[in-house]
Amino acid sequence: MGDKKSPTRPKRQPKPSSDEGYWDCSVCTFRNSAEAFKCMMCDVRKGTSTRKPRPVSQLVAQQVTQQFVPPTQSKKEKKDKVEKEKSEKETTSKKNSHKKTRPRLKNVDRSSAQHLEVTVGDLTVIITDFKEKTKSPPASSAASADQHSQSGSSSDNTERGMSRSSSPRGEASSLNGESH
């Protein structure tokens, strides 16, 4: 009674394949070498099944209800955030409304103000021109400073532009000084 074999059930035979040195990943179908324990593309272990588990109906119902609830709350939260930001902006603008501060340049000598009035049609604009602060004035910048104080005509603007570009720091400093 020791030899019980079922004649109807054949033995499992390995697949006849020409590529014995490789295995195909069950997830990404990448062909890996036989020595590889994990897939070289997706790091899935060799022999991992791709069968998806059946969803539990209670869990699915719970997840579905959670998906629909957060959007309504997030809209309220967004609305509250927007209102809060608006109120903060209003309070900051109210605080700053009583004193208007103009942006100030740090590299400007305020004592060297020169005012120039330009009128076009019925509009008059006053341009206040300041000299740059220099830590140690070289001979070339001192000469350009003399040109500033001597000239007072409307062609003064072109001379100023040229004298600024000949400053020791070059054109970059004059651009930075004027753009702010």
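Here the Cβ of each residue, glycine as well, is placed from N, Cα and C on the backbone.
For 1-24, 47-120, 132-180, the entry in Swiss-Prot reads region 'Disordered'. According to Swiss-Prot, the feature zinc finger maps to 19-48. What Swiss-Prot records for 62-73, 136-156, 163-174 is compositional bias 'Low complexity'. Taken from Swiss-Prot, the feature compositional bias 'Basic and acidic residues' applies to 74-93. Residues annotated as compositional bias 'Basic residues' in Swiss-Prot: 95-105. Taken from Swiss-Prot, the feature phosphoserine covers S167, and the record attributes it to a large-scale study or a structure entry.
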Contact set, same chain, for the zinc finger (19-48): CB under 8 Å, 6 or more residues outside the stretch: none
Helix, strand and coil totals (DSSP H, G, I; E, B; other) for the zinc finger (19-48): 0 helix, 8 strand, 22 coil
Averaged pLDDT, computed only over the residues in the zinc finger (19-48): 86
